[in-house]
Amino acid sequence: MLDSKFLRQDIEQTAARLAARGYELDVATVTALEEKRKTLQVKTQELQSQRNASAKAIGQAKAKGEDAQPLLDAVANLGSELDAAKAQQDVVLAAINDIALAIPNLPDESVPAGKDEDDNVEILTWGTPKKFDFDVKDHVDVGQDLNGLDFEMGVKISGARFTVMRGQVARMHRALTQYMLDTHTDKNGYTEMYVPYLVNSASLYGTSQLPKFAGDLFHTLGLVNDDGEQQSGFSLIPTAEVPLTNSARDEIYDESDLPIRLTAHTPCFRSEAGSYGRDTRGLIRQHQFDKVELVQLVKPEDSMATLEELTGHAEQILQELELPYRKVILCMGDMGFGSAKTYDLEVWLPAQNTYREISSCSNMADFQARRMQARFRREGAKKPELLHTLNGSGLAVGRTLVAILENYQQADGSVVVPEVLRPYMGGLEVIGKQ
């Protein structure tokens, strides 16, 4: 959520910055609501002041033995007026809040202009895509030929966009998770967390999935209590960013506690409501997939440097797996709702002859922290400040598996196990048909 000053002090400039990322702010409506808010605020303050003065006069009248009934009647009338004004004020504040919750973050000045992914800017490429001397198969064919990916069973058990893994392919999927967690905890200073996969709506509001992206989530129906009333349900997490970041909700940290680095491996659940017909083949876009998430909570002045660091931690995994990739900075029109600046890492997939996203690393600045009231107090200061929150995939496990199956495939259909994964797979060097 944006600082309210952006909607009060220079709304035209705010509207222009939002327009650059494709969001049209209704300036007239916001301005009208702000005028109502200010008018009602003055009115409630004046009525409160009058009621306080009348209450004091009642005490003085009673002390003198005078008839205080007229004053009592006046206080009652003032109380009714004050209640009505406060009710009006609450309605206006709720309307402003509803608008504020739908406004995306302001892009950082370093973010390039642009409308969509075609305008993203490549920062670097790493590694050289391998040249194969045989016809390259995609990960679906590689995995099925190894008897390690079973898409038909996934459909039978659950439906479209679900997959069953087995044998050494399933083991490699697990090995990737363990390797990623060990790297981030042992080398990069993250604390591993085990978090709930079901979260409440307050958590989803905190990290800005709600209210805008309710249709992208899977929601559970609440249980019916003994009185026959249905309780509030939970939602399945779309990413571990939600529970990890919400660990800071309503907290005030000491400056010395920062930075806080958290990581977790979780399944992620997404409806893919806006992806009909896209990536229907294989593991690229699933309703359920695993991811190792990275989250950092930092001081405001450190957040941009931290974005570089966090992105580097995700790049480290790709480099140690020797998977060619490129790093791009997202343009204003392609950034996520809550992001001030985002880097995407895209891994090379030879069967598609292109790079595909495998990690997205974002600096959310104080956008999430304001919703969550996640704060810290500087040494010697009385008033706490909002944290800056950052998150990124380190990495998406299924897509990493896809990249290995394609980049490490051999002419006989087997797949070489990357060296860094071999200790996690009992020393296995090659996966053959099972």
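In case you wondered, yes, glycine gets a Cβ from its N, Cα and C as well.
When Swiss-Prot records Thr239, Ala240, Glu241, Glu293 as binding L-serine, the matching candidate from Ser110, Ser393, Ser414 it lists for that site is Ser393. Distance from the CA of Ser359 (ATP binding site) to the CA of Ala240 (L-serine binding site) is 13 Å. Considering only the binding-site residues Arg270, Ser271, Glu272, Ile358, the residues lying within 10 A of Ser393 (L-serine binding site) on a C-alpha to C-alpha basis are Ile358.
Thr239 (L-serine binding site) has its Cα within 10 Å of the Cα of these binding-site residues: Arg270, taken from Arg270, Ser271, Glu272, Glu357, Ser359. Here the Cα atom of Ser271 (ATP binding site) is found 19 Å from that of Glu293 (L-serine binding site).
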